[in-house]
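Asker: Here it is, the structure, as C-alpha coordinates.
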Amino acid sequence: MLKIENLTKRYKGDEIALKGVSLEIKKGQVVGLIGPSGAGKSTLIRCINRLIEPSSGEVWLEGVNLPSLSRTKLKEARREMGMIFQEYALIERLSVMENVLSGRLGYHSFWRTFWRRFPEAEVERAFYYLERVGLIEHYNKRADQLSGGQRQRVGIARALAQEPKVLLVDEPTASLDPKTSRQVMRLLLELCREKELLAIVNIHDVPLAQAFMERIVGLRAGEVVFDGAPSELDERALTEIYGEEEWKTLQKTHQEESSLGEDSSLLYAKAEIAG
(Lines of atoms letter the chains of each structure in order from A; the text may use other names.)
(Lines give C-alpha, C1' and ligand atoms only; values in the text may rest on other atoms or scores of the structure.)
Protein backbone atom coordinates (compact mmCIF):
# COMPACT_ATOMS: atom_id res chain seq x y z
CA MET A 1 0.00 0.00 0.00
CA LEU A 2 1.02 3.59 -0.68
CA LYS A 3 -0.20 6.10 1.89
CA ILE A 4 0.26 9.84 1.41
CA GLU A 5 -0.47 12.03 4.43
CA ASN A 6 -0.79 15.81 4.33
CA LEU A 7 1.85 16.19 1.60
CA THR A 8 2.78 19.81 0.92
CA LYS A 9 5.27 21.41 -1.46
CA ARG A 10 6.23 25.07 -1.23
CA TYR A 11 8.61 26.76 -3.63
CA LYS A 12 10.54 29.96 -3.08
CA GLY A 13 8.35 33.02 -3.18
CA ASP A 14 5.64 31.20 -1.19
CA GLU A 15 4.27 29.43 -4.27
CA ILE A 16 2.40 26.35 -3.03
CA ALA A 17 2.31 23.46 -5.50
CA LEU A 18 0.71 20.90 -3.17
CA LYS A 19 -1.57 21.67 -0.23
CA GLY A 20 -1.96 18.86 2.27
CA VAL A 21 -2.60 16.03 -0.19
CA SER A 22 -3.70 12.77 1.45
CA LEU A 23 -4.36 9.53 -0.45
CA GLU A 24 -4.33 5.78 0.13
CA ILE A 25 -3.73 3.46 -2.83
CA LYS A 26 -3.86 -0.31 -2.55
CA LYS A 27 -1.69 -2.91 -4.24
CA GLY A 28 -2.85 -3.55 -7.78
CA GLN A 29 -4.88 -0.35 -8.04
CA VAL A 30 -4.36 1.93 -11.05
CA VAL A 31 -5.18 5.57 -10.27
CA GLY A 32 -5.41 8.39 -12.79
CA LEU A 33 -4.43 11.95 -11.86
CA ILE A 34 -6.28 14.64 -13.79
CA GLY A 35 -6.46 18.40 -13.49
CA PRO A 36 -5.54 21.63 -15.24
CA SER A 37 -1.98 22.65 -16.03
CA GLY A 38 -0.23 23.72 -12.83
CA ALA A 39 -2.57 21.72 -10.59
CA GLY A 40 0.35 19.81 -9.04
CA LYS A 41 0.01 16.45 -10.78
CA SER A 42 3.65 16.07 -11.86
CA THR A 43 4.82 17.57 -8.57
CA LEU A 44 2.88 14.95 -6.63
CA ILE A 45 4.39 12.09 -8.60
CA ARG A 46 7.90 13.48 -8.18
CA CYS A 47 7.43 14.12 -4.47
CA ILE A 48 6.55 10.46 -3.95
CA ASN A 49 9.97 9.25 -5.11
CA ARG A 50 11.69 12.47 -4.03
CA LEU A 51 12.81 13.66 -7.43
CA ILE A 52 11.29 16.77 -5.87
CA GLU A 53 11.69 17.12 -2.12
CA PRO A 54 8.36 17.71 -0.34
CA SER A 55 8.21 20.56 2.15
CA SER A 56 6.21 18.56 4.68
CA GLY A 57 4.02 15.50 5.01
CA GLU A 58 4.58 11.76 4.83
CA VAL A 59 4.70 9.17 2.05
CA TRP A 60 4.49 5.60 3.33
CA LEU A 61 5.39 2.67 1.09
CA GLU A 62 5.34 -0.80 2.60
CA GLY A 63 5.66 0.72 6.08
CA VAL A 64 8.57 3.03 5.21
CA ASN A 65 8.24 6.83 5.33
CA LEU A 66 10.11 7.88 2.18
CA PRO A 67 10.74 11.57 3.06
CA SER A 68 12.60 10.48 6.20
CA LEU A 69 15.12 8.26 4.38
CA SER A 70 18.80 9.01 3.96
CA ARG A 71 20.19 9.19 0.42
CA THR A 72 21.53 5.64 0.68
CA LYS A 73 18.23 4.24 1.93
CA LEU A 74 16.33 6.28 -0.65
CA LYS A 75 18.36 4.70 -3.45
CA GLU A 76 17.29 1.28 -2.16
CA ALA A 77 13.65 2.36 -1.85
CA ARG A 78 13.61 3.70 -5.40
CA ARG A 79 14.17 0.17 -6.65
CA GLU A 80 10.53 -0.39 -5.71
CA MET A 81 9.32 2.58 -7.78
CA GLY A 82 9.42 2.47 -11.56
CA MET A 83 9.10 5.81 -13.36
CA ILE A 84 7.72 6.40 -16.86
CA PHE A 85 8.26 9.88 -18.26
CA GLN A 86 6.40 12.04 -20.76
CA GLU A 87 9.56 12.72 -22.79
CA TYR A 88 10.71 9.10 -22.54
CA ALA A 89 14.08 9.95 -20.83
CA LEU A 90 15.96 7.46 -22.99
CA ILE A 91 19.66 7.64 -23.79
CA GLU A 92 19.40 8.29 -27.51
CA ARG A 93 22.78 6.88 -28.57
CA LEU A 94 22.29 3.59 -26.73
CA SER A 95 20.41 0.58 -28.01
CA VAL A 96 16.90 -0.38 -26.98
CA MET A 97 18.29 -3.26 -24.90
CA GLU A 98 20.81 -1.02 -23.13
CA ASN A 99 18.06 1.44 -22.27
CA VAL A 100 15.90 -1.32 -20.81
CA LEU A 101 18.82 -2.65 -18.77
CA SER A 102 19.38 0.83 -17.36
CA GLY A 103 16.35 0.05 -15.21
CA ARG A 104 18.66 -2.22 -13.21
CA LEU A 105 21.22 0.47 -12.37
CA GLY A 106 20.01 0.78 -8.79
CA TYR A 107 20.99 -2.83 -8.13
CA HIS A 108 24.64 -2.75 -9.19
CA SER A 109 27.97 -1.04 -8.59
CA PHE A 110 29.18 1.85 -10.74
CA TRP A 111 31.81 -0.20 -12.56
CA ARG A 112 29.49 -3.09 -13.42
CA THR A 113 26.99 -0.66 -14.95
CA PHE A 114 29.76 1.39 -16.60
CA TRP A 115 30.99 -1.70 -18.47
CA ARG A 116 27.39 -2.89 -18.95
CA ARG A 117 28.09 -6.25 -17.37
CA PHE A 118 24.63 -7.34 -16.39
CA PRO A 119 23.81 -10.85 -15.12
CA GLU A 120 22.37 -13.23 -17.69
CA ALA A 121 19.10 -13.45 -15.77
CA GLU A 122 18.63 -9.69 -16.07
CA VAL A 123 19.34 -9.75 -19.80
CA GLU A 124 16.75 -12.51 -20.19
CA ARG A 125 14.28 -10.44 -18.17
CA ALA A 126 14.92 -7.44 -20.42
CA PHE A 127 14.22 -9.58 -23.50
CA TYR A 128 11.00 -10.78 -21.86
CA TYR A 129 9.73 -7.24 -21.31
CA LEU A 130 10.74 -6.17 -24.80
CA GLU A 131 8.66 -9.04 -26.11
CA ARG A 132 5.74 -7.98 -23.89
CA VAL A 133 5.81 -4.43 -25.27
CA GLY A 134 6.20 -5.65 -28.85
CA LEU A 135 9.76 -4.47 -29.50
CA ILE A 136 11.80 -7.66 -29.37
CA GLU A 137 12.92 -7.28 -33.00
CA HIS A 138 14.26 -3.78 -32.25
CA TYR A 139 16.45 -4.77 -29.28
CA ASN A 140 19.69 -3.72 -31.01
CA LYS A 141 18.35 -0.55 -32.63
CA ARG A 142 19.42 2.86 -31.33
CA ALA A 143 16.76 4.66 -29.31
CA ASP A 144 16.87 7.71 -31.58
CA GLN A 145 15.71 5.55 -34.51
CA LEU A 146 12.36 4.76 -32.89
CA SER A 147 8.98 6.43 -33.21
CA GLY A 148 7.37 8.20 -30.25
CA GLY A 149 5.12 5.27 -29.45
CA GLN A 150 8.04 2.84 -29.62
CA ARG A 151 10.13 5.03 -27.33
CA GLN A 152 7.37 5.10 -24.75
CA ARG A 153 7.18 1.31 -24.92
CA VAL A 154 10.92 1.15 -24.22
CA GLY A 155 10.29 3.39 -21.21
CA ILE A 156 7.62 0.98 -19.99
CA ALA A 157 9.94 -2.02 -20.43
CA ARG A 158 12.74 -0.20 -18.59
CA ALA A 159 10.47 0.61 -15.64
CA LEU A 160 9.23 -2.98 -15.42
CA ALA A 161 12.80 -4.32 -15.59
CA GLN A 162 13.26 -2.82 -12.13
CA GLU A 163 10.68 -5.32 -10.85
CA PRO A 164 8.97 -2.47 -8.95
CA LYS A 165 5.97 -2.53 -6.65
CA VAL A 166 4.84 0.92 -7.75
CA LEU A 167 4.68 2.58 -11.17
CA LEU A 168 4.77 6.39 -11.30
CA VAL A 169 3.67 7.47 -14.77
CA ASP A 170 3.90 11.11 -15.83
CA GLU A 171 1.90 12.09 -18.94
CA PRO A 172 2.65 8.89 -20.91
CA THR A 173 0.50 9.89 -23.89
CA ALA A 174 1.04 13.66 -24.10
CA SER A 175 3.33 13.41 -27.15
CA LEU A 176 1.39 10.64 -28.89
CA ASP A 177 -1.47 10.56 -31.39
CA PRO A 178 -4.88 9.30 -30.14
CA LYS A 179 -4.56 5.78 -31.57
CA THR A 180 -1.07 5.26 -30.14
CA SER A 181 -2.23 6.77 -26.85
CA ARG A 182 -4.93 4.10 -26.51
CA GLN A 183 -2.45 1.36 -27.36
CA VAL A 184 0.03 2.59 -24.74
CA MET A 185 -2.66 2.90 -22.07
CA ARG A 186 -4.01 -0.55 -22.85
CA LEU A 187 -0.51 -2.01 -22.58
CA LEU A 188 0.13 -0.24 -19.27
CA LEU A 189 -3.12 -1.52 -17.81
CA GLU A 190 -2.48 -5.09 -18.94
CA LEU A 191 1.01 -5.12 -17.42
CA CYS A 192 -0.17 -3.58 -14.15
CA ARG A 193 -2.85 -6.25 -13.85
CA GLU A 194 -0.41 -8.99 -14.76
CA LYS A 195 2.12 -7.86 -12.13
CA GLU A 196 -0.43 -6.58 -9.57
CA LEU A 197 1.29 -3.22 -9.64
CA LEU A 198 0.09 -0.14 -7.85
CA ALA A 199 0.21 2.68 -10.40
CA ILE A 200 -0.37 6.43 -10.42
CA VAL A 201 -0.84 7.87 -13.90
CA ASN A 202 -0.80 11.61 -14.58
CA ILE A 203 -2.97 11.89 -17.68
CA HIS A 204 -4.15 14.96 -19.59
CA ASP A 205 -6.87 13.26 -21.65
CA VAL A 206 -10.06 12.99 -19.57
CA PRO A 207 -11.92 10.47 -21.82
CA LEU A 208 -8.81 8.29 -21.86
CA ALA A 209 -8.65 8.43 -18.06
CA GLN A 210 -12.34 7.55 -17.80
CA ALA A 211 -11.88 4.57 -20.09
CA PHE A 212 -8.77 3.03 -18.57
CA MET A 213 -8.52 4.09 -14.92
CA GLU A 214 -10.40 2.32 -12.13
CA ARG A 215 -10.06 5.33 -9.84
CA ILE A 216 -9.57 9.00 -10.66
CA VAL A 217 -8.12 11.73 -8.46
CA GLY A 218 -8.72 15.32 -9.54
CA LEU A 219 -6.29 18.04 -8.47
CA ARG A 220 -6.89 21.77 -8.62
CA ALA A 221 -4.38 24.34 -7.31
CA GLY A 222 -2.51 21.62 -5.42
CA GLU A 223 -5.55 20.21 -3.61
CA VAL A 224 -7.58 17.04 -4.08
CA VAL A 225 -11.06 18.12 -5.19
CA PHE A 226 -12.26 14.75 -6.54
CA ASP A 227 -11.52 11.14 -5.64
CA GLY A 228 -13.77 8.46 -7.04
CA ALA A 229 -14.73 6.07 -9.81
CA PRO A 230 -14.79 7.20 -13.46
CA SER A 231 -18.58 6.80 -13.44
CA GLU A 232 -18.79 9.53 -10.77
CA LEU A 233 -16.86 12.01 -12.90
CA ASP A 234 -19.85 14.01 -14.10
CA GLU A 235 -20.13 17.54 -15.50
CA ARG A 236 -20.27 19.07 -12.04
CA ALA A 237 -17.15 17.25 -10.86
CA LEU A 238 -15.22 18.14 -14.01
CA THR A 239 -16.17 21.79 -13.66
CA GLU A 240 -14.95 21.67 -10.05
CA ILE A 241 -11.61 20.24 -11.20
CA TYR A 242 -10.97 22.40 -14.25
CA GLY A 243 -13.13 25.47 -13.80
CA GLU A 244 -15.99 26.24 -16.15
CA GLU A 245 -14.02 27.96 -18.91
CA GLU A 246 -11.17 25.44 -19.09
CA TRP A 247 -13.53 22.47 -19.07
CA LYS A 248 -15.51 23.97 -21.97
CA THR A 249 -12.24 24.42 -23.88
CA LEU A 250 -11.24 20.80 -23.22
CA GLN A 251 -14.64 19.57 -24.39
CA LYS A 252 -14.31 21.56 -27.60
CA THR A 253 -10.84 20.11 -28.22
CA HIS A 254 -12.11 16.54 -27.83
CA GLN A 255 -15.01 17.24 -30.19
CA GLU A 256 -12.67 18.66 -32.83
CA GLU A 257 -10.39 15.62 -32.60
CA SER A 258 -13.40 13.37 -33.01
CA SER A 259 -14.59 15.21 -36.12
CA LEU A 260 -11.14 14.81 -37.66
CA GLY A 261 -11.27 11.07 -37.22
CA GLU A 262 -8.80 11.13 -34.32
CA ASP A 263 -11.43 10.36 -31.73
CA SER A 264 -10.13 9.69 -28.22
CA SER A 265 -13.58 9.14 -26.76
CA LEU A 266 -14.64 6.70 -24.10
CA LEU A 267 -16.40 4.42 -26.60
CA TYR A 268 -13.31 4.02 -28.76
CA ALA A 269 -11.09 3.32 -25.79
CA LYS A 270 -13.55 0.78 -24.38
CA ALA A 271 -13.64 -0.91 -27.77
CA GLU A 272 -9.84 -1.07 -27.66
CA ILE A 273 -9.98 -2.76 -24.25
CA ALA A 274 -12.62 -5.25 -25.38
CA GLY A 275 -10.82 -5.92 -28.67
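Any Cβ shown, glycine's included, is placed from N, Cα and C.
Here's the feature list from Swiss-Prot:
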type    : residues                                               : note
DOMAIN  : 2-246                                                  : domain 'ABC transporter'
BINDING : Gly35, Pro36, Ser37, Gly38, Ala39, Gly40, Lys41, Ser42 : ATP binding site
Asker: Within 8 Å of the Cβ centroid of the ATP site residues Gly35, Pro36, Ser37, Gly38, Ala39, Gly40, Lys41, Ser42, which other residues of the same chain have their Cβ?
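Answerer: After dropping the recorded site residues, what remains is Thr43, Leu219, Arg220.
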Asker: Fewest neighbouring Cβ atoms within 10 Å: which of the binding-site residues Gly35, Pro36, Gly38, Gly40?
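Answerer: Lowest Cβ count within 10 Å among the binding-site residues (Gly35, Pro36, Gly38, Gly40) is Gly38.
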Asker: When neighbour density is defined as the number of other C-beta atoms within 10 angstroms of a residue's C-beta, which of the binding-site residues Ser37, Ser42 has the lowest density?
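Answerer: Output over binding-site residues Ser37, Ser42: least Cβ neighbours within 10 Å is Ser37.
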Asker: Restricting to the domain 'ABC transporter' (2-246), report the mean pLDDT as a whole number.
Answerer: 88
